[in-house]
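Database features (Swiss-Prot):
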DISULFID  CYS51-CYS65  disulfide bond
DISULFID  CYS58-CYS70  disulfide bond
DISULFID  CYS64-CYS81  disulfide bond
SIGNAL    1-19  signal peptide
Amino acid sequence: MKTAIFTVVLALAVFAVLSFGWEANEKALSEEFTELIHEKEAASETEARECRYFWGECHDHMPCCDWLVCGYKWPITYNICVWNRTFPEK
């Protein structure tokens, strides 16, 4: 009887250690994934765009893409890039 109880307690201790190791590994993976996402986000923010995309705010110093034109669209109170009814050539 003592051996059975000792075996059960030992098995529970082993499962607790394995569970703790799994949680630590999962947390490290989660932190690594979060770090990778922030790294990608920072890299995309530093890239300069050549032109503003559809419905992007535009001014003289921020031109729209070729198939868009900077125009005023009610009820928006600032100029945005709107479609000029042409398609970009490939």
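Even glycines carry a Cβ here, placed using N, Cα and C.
When secondary structure is read from DSSP and collapsed to three states, CYS70 (disulfide bond) falls in the strand class. Each residue contributes its Cα atom, and for CYS58 (disulfide bond) and CYS81 (disulfide bond) these two points are 6 Å apart.
Each residue contributes its Cα atom, and for CYS70 (disulfide bond) and CYS81 (disulfide bond) these two points are 5 Å apart. If you draw a 10 Å sphere around the CB of CYS65 (disulfide bond), it holds 17 other CB atoms from the protein chains shown. Just so you know, of the disulfide-bonded residues CYS58, CYS64, CYS70, the Cβ with the fewest other Cβ atoms around it within 10 Å is the one at CYS70.
Other Cβ atoms within 10 Å of the Cβ of CYS81 (disulfide bond) number 23 in total over all chains.
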